[in-house]
Amino acid sequence: MVQHHHRNRHRQDQETVEENKGKRPKLFINDHVDILVEILKRLDGRSLGVATCVCRLWCTIARNDSLWEDLCFRHVSPPPSSVRSVVVALGGYKRLYMACVRPVLSRLGRVRRASWTRDEVQLSLSLFCVDCYERLGGSNSPNGRLVGELSPSSLMFLCKPVNV
Amino acid sequence: MKREHEEICGATSYGSGSGSKAESSTIGNPNKGKLWEEEQDAGGMDELLAVLGYKVRYSDMADVAQKLEQLEMVMGTAQEDGISHLSCDTIHYNPSDLSGWVQSMLTELNNPAAVNLDPVLGNSNSNSSILGQINHDPSKPQRQQQLVSSNQSQVYNDDSEYDLRAIPGVAANPPPKSESDSESTRKRMKTSIGSSGSTGYGSSSSSPQGIGVSGAVTESTRPVVLIDSQETGVRLVHTLMACAEAVQQDNLKLADALVKHIGLLAASQAGAMRKVATYFAEALARRIYRIYPQDSLDPSYTDILQMHFYETCPYLKFAHFTANQAILEAFATANSVHVIDFGLKQGMQWPALMQALALRPGGPPAFRLTGIGPPQPDNSDALQQVGWKLAQLADTIGVEFEFRGFFATSLADLEPEMLEIRPPEVEAVAVNSVFELHRLLARPGGIEKVLSSIKAMKPKILTVVEQEANHNGPFFVDRFTEALHYYSSLFDSLEGSGVAPPSQDLVMSELYLGRQICNVVACEGMDRIERHETLTQWRTRMETAGFSPVHLGSNAYKQASMLLALFAGGDGYRVEENNGCLMLGWHTRPLIATSAWQLATTESGK
């Protein structure tokens, strides 16, 4: 639905622009990917998720992990570079955000407000790491019965609705 | 205690009184209500009171309770010496007949004489503290009556308070008037109870008035007593305590009867109270019948239970996070670190530590982990699997990792040499124990040996997480009471965790706690491994052994608070700081405590 709306708007833009008979240069955002990226960088998590549904180009861009990294650390002083390698290894910033940062922030009531502190991100990282550990299968070992049986659920408590 | 009595007809019979016809029934069998042929329905005897020596029928319970309440009111309002004659002048020929006894007291009060009655008054005052704890609404006579009956009966259990075989008094020659009075009164009271019950007979109920008013005598109805779950909750607790007392006194018959009663009462409760009561009742039954639980269960089963406990509530997460923070701060400058984990289980504590080490400014140190676990019955190498998983994770995040696993039935079997400790200049050592040290208290000398082994390892830091409760006292009843309160809080917190009730997680977590309860209550000697002690006790022990405390910093506190806020029902959990140690509790009750220690040497600490 959103896709449709956006496409319509683009077409409309194009049409209105064409109506102006070349008095103004045509601006089709998809031609200016760097501007698009700058815009998307400033979106919040939900909008970024929505943006991936717009069109293929937007999807590719919005799925880029660096955008999500900016989202995670936006209001926090830039973390040391080592964080990136760790997070990427554990599954990427988008996963970090969706699995941990967002639930953590919403539980702590901070999603709407702009700023959050380093601590929340640190905590999310720790929980994320535990989750990744759980997901590691014991594929090599023959007696992996215990390891394989337990589905990763250390983050289940974040998914449960609060104050049911 | 059972008492045998003969009924003396003239003295205490009030016409067709309810409990007063002690027709040669053997008191030992409270269920033979059929022997009692009365005008009312012959209900069964109340089992609880029967066990305590009083024969009161179910149908009369409300009646007796109301009379007791009147008695108490009169005693309370009478002049100090207005009712004292009751202690000296009244004959009671059948003390097990609670109903008749109270009736005789009431008729006495109708004809007051002036004697001193301090002891009885004193008793009712001591009762008030028990009653005071229970919020009873005076406009609900039913509840109050039941409370009064159960509490008063416990007081009267103690013969020494007053001599029931008193010298003859007015009660020996009751005037016929009082007989009819009491009869009609009783009927009137019954009517009023019946009408305030759910059946709604006859006239409106009123709060019990003084006797002597002979109201309209309507058909005697079977009184209906509303079972109030709050009041049965109180009864449940009292029954549990009474059972524990009986077990301690080795009065197994009584304990057996009470345990069965607990089962009934527990069924009337809901939620956490019911579950706790059921587990405690089962544990008591095991203790009574000596069916001890098998301790040699598959360790992987306990691991599964603990995993569910890990997910449902924050206690283990709190333990891991706070201990990790302490270890992290101790390892701030080391290039090579070695962690010895006394209870590796699934290794859930270490990913977070490894991640924090990986992100350390200056890069991660080389990380060596030694995990200790119980031997597996099927010889599978569970420790190695966990180590392998951790190695995978370490590889992913770029931390140099080495793992060794040791199987040990008891930590006291470990020797420091087996662990290949490297000298402190080369490698910083941390020892971590989450809910493991208390098991050593079962073996004499166990804890001392382990603490000296730890000292031989020369750790930079020792982190200890233990339950905050005293379940290791010398007396069974004290342990039982403590455990009851502790696990009630724990189960309450599980209920409040926002997990939908028939969830597998919740059930498994409760089972995990239930096994602990079973061990605390039912086992003894070497089998009783859940010997929890309080932080203060551990502090003393550690300091005597030569450790000095390390304060957990504000980082740990912040992380812990944030973690708790994430849990549904998070407002029930509380983090407290206690002299550098962190305690996690549910509302006002601290439940687990994390503390950190270092060797108290003259060398520079940190």
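Glycine residues also receive a Cβ, built from the backbone N, Cα and C atoms like all the rest.
Where the annotation comes from TrEMBL, it is an automatic prediction and has not been curated.
What TrEMBL records for B:13-29 is compositional bias 'Polar residues'.
Annotation source TrEMBL lists compositional bias 'Low complexity' at B:142-154 (among others).
The compositional bias 'Low complexity' annotation in TrEMBL covers B:192-215 (among others).
If you look up TrEMBL, you'll see B:46-112 marked as domain 'Transcriptional factor DELLA N-terminal'.
The feature region 'Disordered' is assigned by TrEMBL to B:1-36 (among others).
Residues or ranges marked as region 'Disordered' in TrEMBL: B:127-155 (among others).
Annotation comment: TrEMBL describes B:167-215 (among others) as region 'Disordered'.
Along the region 'VHIID' (B:306-371), the predicted structure has mean pLDDT 90. Look at TrEMBL and you will find B:306-371 tagged as region 'VHIID'.
Look at TrEMBL and you will find B:385-417 tagged as region 'Leucine repeat II (LRII)'. Sorting each residue of the region 'Leucine repeat II (LRII)' (B:385-417) by its DSSP state yields 18 helix, 7 strand, 8 coil.
The region 'SAW' annotation in TrEMBL covers B:522-598.
Residues or ranges marked as motif 'VHIID' in TrEMBL: B:337-341. Residues 327, 331, 347, 349-350, 353, 357, 365-372, 419, 421-422, 427-432, 457, 459 of the same chain lie 6 or more positions beyond the ends of the motif 'VHIID' (B:337-341) yet place their CB under 8 Å from a CB of it.
Tertiary proximity for the region 'Leucine repeat II (LRII)' (B:385-417) is limited to same-chain residues at least six positions away from its ends with a CB under 8 Å from its CB atoms, namely 342, 344-347, 350-351, 354-355, 357-358, 364-376, 436-437, 439-440, 443, 445-446, 449-450, 453, 456-457.
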